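*Asks:* Quick one: the structure is below, and I'll ask about it shortly.
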Amino acid sequence: MPEVQTKVKENGIAGEVASRRTFAIISHPDAGKTTLTEKLLLYGGAIHEAGSIKQRKAARHAASDWMAIEQERGISVTSSVLRFEKDGIRYNLLDTPGHKDFSEDTFRTLIAADCALMVIDVAKGVEEQTEKLFEVCRLRKIPVITFVNKCDRPGMEPLEVLSNIEEKLGVTAIPASWPIGYGADFQGVYDLIGKELNLYKKNKHGALKADAELLPLEQGLEESTLGQAAREAYFEELELIGDEFDAMDRGQFQNGEASPVFFGSALNNFGLDLFLNYFRELAPAPKPYENDKGELHNLEKDFSGFVFKLQANMNPEHRDCTAFVRVTSGMFKRGMEVKLADNGRKLRMATPHSLMGEERKLLDTAYPGDIVALFNPGDFRIGSTLYYGEPVNFDVIPLFSPEHFRKATSKDPFKRKQLREGLKQLSEEGVVNVFEVPGGVGNELLLGTVGALQFEVVEHRMKTEYKAEINLTPTTYIAARWLPDDEKVIAKLKAAYSTNVTFDIEGHPIVLFESMYALNTAVEAVGEENLLRFKK
């Protein structure tokens, strides 16, 4: 470790960049993402004993799940940032919401990542949510590394899994490890890169690292419990897949067209050490981002970064709001004065932190790829750029138009102020869109979300964090489109069709539709280019 640190100092920013890996985990719900996240922290030394979802009620909550609703229901509904170091490499793990209704938050997180780890359930293969998230990775051209999980349970055979990945995602699946035995007979994996067989022993329900015995292939198979027929079949499978990994086109991998595939069990820790060792070599170091002029911003320029997430009340006692900033260039230093590209305001970075779920640690320096947690003075929005020195702006994060709508009123008429303040803060986080109700009265607001489950999160957080219980009632709206700040377009829209034009909590115009007929009429009136599915 000391040798790596010295090398980093000698190489400056370039050395710091080379020693970082910033990645997000994508999966369908119940594929084992949260368990795998904790096990990566275990193997990275960030925690010493892992507690699975099943143990929560009796023992502990997942390190990455900090919000009350997450701990109560055993699901991830927010993105969290986790960090660990192993063998001189700093891993910044961006844990994403596990529920399909939170794809917008996941999209923002993927924008802040250089690589994605795709988790697949061996019994179910590629599922709907995984397909959607993989498409985002493809659009961003970020590489995807696959971990086929739950190999200790009944499921598809390895060759079926590879075919499933290729058919569903249109990507070349390149095996990097191969399971020994299936289901209850799963005993380890064969390292197709290093040509060694890894046999494992279970321990303490997977709470500790699994001990691996590294053996030559033939000797390892003899020591396994596989019968003669199974061993012969195993050799046939290995001959069939050949040396695909060695022949892999690295350019295709870097562009998201090919994905290395590892097999294992996050619950029992089988195959995790092997996976993490190769993940270091496969995952790319941070790369330059494009600024709003379409130019790549050099990593070695002065500090810059963008806000990809806002989160209120991570510490309910302080009622604060935390901004998560992805560093895109230069060195960030505690105490430095930076500018906010939105309004030119100068801000002193007095108390930056790194995070592990809800736990905070004061941060002195950060480099490209790192995630810095900052107190939000009220000026930050999702997508805001911070910089030191030469001005720069990264216009990278869009706001999606909502698909589900509810009217919100306070159960207590004396808590209307808390209603507006709480919903405004949740809106700034990107949890929910908040609008004035067209033709409504002052004590109600209209909420819009991308996924219906987000309304449950809004209700829960308003009750627990803002002490303001709310009533949510259905509406007849089915779609919405943002409008340009152009009075002529708005007037033309109103003249052609008696429509519901309103404003969000920041004053941006949006039009609401009660039918597809109404939406199509509006398209004919002002053109699709003026009815925006997302705004920046």
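Cβ atoms here come from the backbone N, Cα and C positions, even for glycine.
Pulled these from TrEMBL:
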BINDING   27-34, 95-99, 149-152  GTP binding site
DOMAIN    18-287  domain 'Tr-type G'
*Asks:* With H, G and I counted as helix, E and B as strand and the rest as coil, say where DSSP puts LYS33 (GTP binding site).
*Replies:* helix
*Asks:* Test of understanding: give the count of other CB atoms lying within 10 angstroms of the CB of LYS33 (GTP binding site).
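*Replies:* Excluding its own Cβ, the number within 10 Å is 25.
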*Asks:* Using DSSP with the three-state reduction, classify SER27 (GTP binding site) as helix, strand or coil.
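*Replies:* The residue in question, SER27 (GTP binding site), is strand (DSSP, three-state).
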*Asks:* Show which residues of the chain containing CYS151 (GTP binding site), separated from it by at least 6 in sequence, have their CB under 8 Å from its CB.
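*Replies:* Correct list: VAL122, PRO179, TYR182, PHE186, PHE263, GLY264, SER265, PHE270, GLY271.
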*Asks:* Taking the Cβ of SER27 (GTP binding site) as the centre, how many other Cβ atoms fall within a 10 Å radius?
*Replies:* 24
*Asks:* If you count CB neighbours within 10 Å, which one among the binding-site residues ASP30, THR96 has the smallest count?
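*Replies:* Each of the binding-site residues ASP30, THR96 was scored by Cβ atoms within 10 Å; lowest is ASP30.
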